[in-house]
Amino acid sequence: MSNPIFHFFRRISGHEHKTLGGGPSAALQGTICALIAAICYGLLPTLVLPMSESNAAAKPEDFMPNLSILFYRFMSAALIIGLVMLIKRKSFRITRGELVTLLYLAFLSDGSALFLFGGYQYMSTGVATTLHFMYPAFTTILMMMFYNEARKLSTIIAVTLAVVGVGVLSWQSDGTVDWRGVIIELISALCYALYLIRVNRSRVRDMDALKMTFYIMLFGAMIFMGYALLENKFEMITTQTQLVSLSIMGLVSTVVTNLCLIVAVKNIGSTMTSVLGALEPLTAVTLGLIFFNEPLTTSILIGLSLIIPAVIMIIFTRGRK
């Protein structure tokens, strides 16, 4: 049985059977795009923290609730992708059944993003991003539990290493563990794993990639706006820091990331693209260390050295049919 993550990326590239046929220059282009995608997504914490109350160095006038941040991120991405669709003259038409499925996927996507940002309040952004990177392990567990996927020894060992890595990564310098942040980030990873599985096993699996991304981003933005208004946490953009951070977040960390993934999978295949995605948590850790003086303890280093190789092992194992 094929991995839904890899099948999804192959499908959106439109080149499911021609991912490696472009020669050396295409391979180089694909590798560069995969690295760009990972780095761009790893930038997210750096863009969020200047607007976060959990960042002691942030200015009070720049504070913005996570619900508002996510609304602007998803809405700006939807507008940009919608513009691309208009330029390429792609159809926006969807059926009632597809509407229901896209709303369901938007809820899962929103849940993943909201819990990812929520974890920043309890731990460093590098640790939070690394815990979110556990989603391939959750995908594996869910596929074995509910879809009768074969239980390979190498996969079980890799998942075990990843779980041990989570425990070590969560261990603080004073010998305690703040389980709130750990649980929040693992829920984020679980939501993303469910999202990827359902994308590949729903009625929209063959929908045009841009159209599907547009509606998931649009519906996601609408959900966040409704939630923010309900909680009285919707805020307008009032400062330059907010405008710059949100613009980069929508364009670079959302649109560019998705487009680069499509090019990468087309040229180097889904497995190598996913492996190069390991640069995402490393980027978050590095930027957090440089710009926000986040700690880099022995437990964090050991946790990273367990989780990232374990996830790569899972990706390679599940990349083989």
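Glycine is treated like the rest: Cβ placed from N, Cα and C.
In TrEMBL, annotation is done automatically, which means it is predicted and not curated.
For the transmembrane segment (26-49), same-chain residues at least 6 beyond its ends with a Cβ under 8 Å from one of its own Cβ atoms are 20, 55, 58, 66, 69, 116-117, 120, 125-126, 128-129, 245-246, 248-249, 252-253, 256-258, 260-261, 263-268, 272-273, 276-284, 287-288, 291-292. The transmembrane segment annotation in TrEMBL covers 26-49 (among others).
Helix, strand and coil content of the domain 'EamA' (30-170), in residues and according to DSSP, is 110 helix, 0 strand, 31 coil. The domain 'EamA' annotation in TrEMBL covers 30-170 (among others).
Under the heading transmembrane segment, TrEMBL lists 69-87 (among others). Nonlocal intrachain contacts for the transmembrane segment (69-87), taken as residues 6+ away from its ends with a CB within less than 8 angstroms of a stretch CB, comprise 48, 51, 110, 113-114, 117, 210-211, 213-214, 217-218, 220-221, 224-225, 228, 234, 237, 246-247, 249-251, 253-255.
Residues 44-45, 48-49, 52, 54, 66-67, 69-70, 73-74, 128-129, 131-132, 181, 184-185, 187-189, 191-192, 194-195, 198-199, 202-204, 212, 215-216, 219-220, 223-224 of the same chain lie 6+ residues outside the transmembrane segment (99-120) yet bring a C-beta within less than 8 angstroms of a C-beta in it. Summarising the annotation, TrEMBL assigns transmembrane segment to 99-120 (among others).
The feature transmembrane segment is assigned by TrEMBL to 126-146 (among others).
Per TrEMBL, the feature transmembrane segment maps to 153-173 (among others).
Under the heading transmembrane segment, TrEMBL lists 179-197 (among others). Long-range Cβ contacts of the transmembrane segment (179-197) within its own chain (Cβ-Cβ under 8 Å, at least 6 residues beyond either end) map to 4-5, 8, 105, 108-109, 111-116, 118-119, 121-123, 127-128, 131-139, 142-143, 166, 170.
For 180-315 (among others), the entry in TrEMBL reads domain 'EamA'. When the domain 'EamA' (180-315) is classified with DSSP, helix, strand and coil residues number 111 helix, 0 strand, 25 coil.
For 209-230 (among others), the entry in TrEMBL reads transmembrane segment.
What TrEMBL lists as transmembrane segment is 242-265 (among others).
Sequence annotations record features per position, and here TrEMBL assigns transmembrane segment to 272-292 (among others).
Outside the transmembrane segment (298-316) by six or more residues, the chain places 3, 5, 124, 126-127, 130, 133-134, 136-137, 140, 154-155, 157-159, 161-162, 164-166, 168-173, 271, 274-275, 278, 281-282, 285 with a CB less than 8 A from a CB of the stretch. Per TrEMBL, transmembrane segment is recorded for 298-316 (among others).
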Among 126-146, 153-173, 272-292, point out the range having the most Cβ pairs under 8 angstroms from the transmembrane segment (242-265).
272-292
Stretch in 153-173, 209-230, 272-292 most in contact with the transmembrane segment (126-146), if contact is a CB pair under 8 A:
272-292
Per-residue pLDDT averaged over the domain 'EamA' (180-315), given as an integer:
90
Which sequence-distant residues neighbour the transmembrane segment (272-292)? Criterion: at least 6 residues beyond either end, Cβ under 8 Å.
5-6, 9, 30-31, 34-35, 37-39, 41-46, 49, 55, 57, 124-130, 132-133, 136, 261, 264-265, 300, 304, 307-308, 311-312, 315-316, 319
